[in-house]
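Q: Among the features that TrEMBL reports, compositional bias 'Low complexity' is placed at 239-251. As annotated by TrEMBL, compositional bias 'Polar residues' applies to 252-270. The annotation domain 'SWIM-type' is assigned in TrEMBL to 94-126. Annotation comment: TrEMBL describes 169-270 as region 'Disordered'.
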Amino acid sequence: RAKSNILLNNLCEVLNRQLLDGRDKPIITCLEYIREYLMKRIVNVQKVQDKCDGPLTPSTAKIFKLIVRAAAKLKVEWNGSDLYQVTCPWGDQFVVNLSERVCSCRKWELSGIPCTHAVASIWDQANNGIDTGIPESYCLPVHWLTTWKEMYKFKINPVNGPQGWKKSDVPTTIIPPKPHPQIGRPPKKRKKSAAELADEMMKSKKLTKTGKSVTCKSCKQVGHNSRGCKSKKGGGSQQAGVAGHGDAAHGSQQAGVHGSQTTQSTPQAS
């Protein structure tokens with residue numbers, strides 16, 4: 001099983017962020033973008049590996065340094081075999097089995113890195129005259145620098161441009177699909193998680209308006225603003241109706257007066 005105590009999907013999120021400029025390209029262009037990114041990524045990692053000299057990877061070395069610092073405060077009792085009883089300053093107590101490389105706190109089993117109780121037990125075993133080696137050797141091989149170099153020893157070779165590619169023998173010619181643009185502008189930025197939004201809120205020291213109730217300035221009711229106020233729209237239509245009715249009455253009155261003048265002038269003409 002995977003030896004990790006992290007419940008995040010950061011590996012996929014980082015790759016998704018790096019491929020932001022190539023995701024909306026055609027499939028061949030997108031694959032070429034990924035190939036070039038991986039080729040540069042392997043070279044950059046190899047440069048970092050050349051600067052490392054410890055038995056562990058840089059990230060694991062930082063974690064293990066904190067574990068060693070905390071292990072100096074623990075009290076260890078040995079039963080004369082492979083079991084150790086480790087007591088913490090705050091009263092917690094755990095059992096460590098160095099032969100099976102497990103601890104009752106289960107951190108060693110989850111991450112593959114010896115916990116503070118295991119490191120304290122290794123020191124106590126060394127004080128009793130048993131050859132234990134360095135505490136870093138109790139980490140699983142996935143955290144070793146040699147394993148990290150083994151994973152990045154492969155190379156991605158460069159290729160020629162499309163003008164130098166060999167034509168396929170398949171008689172079927174694949175044509176591009178008909179364009180079907182979607183409504184609105186396509187999004188470029190990835191959707192941020194709730195944890196990232198909370199971190200940005202803490203840095204900016206400003207709360208978002210999510211979940212905040214809106215009060216209308218016209219009717220003073222909660223749940224909508226003045227732009228979407230129904231009472232305001234109804235009042236405007238009612239006023240428009242009254243104004244239209246008055247204009248129509250005025251127009252009919254003028255038409256009636258004009259018509260009466262016409263009927264009076266007709267007998268005189270005859």
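All positions are counted from 1 along the displayed chain.
Yeah, the Cβs are placed from backbone N, Cα and C, and that goes for glycine too.
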Q: Going by DSSP, how much of the domain 'SWIM-type' (94-126) is helix, how much is strand and how much is coil, in residues?
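A: Per DSSP, the residues of the domain 'SWIM-type' (94-126) fall into 16 helix, 6 strand, 11 coil.
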Q: Across the domain 'SWIM-type' (94-126), what does the mean pLDDT come to, as a whole number?
A: 92
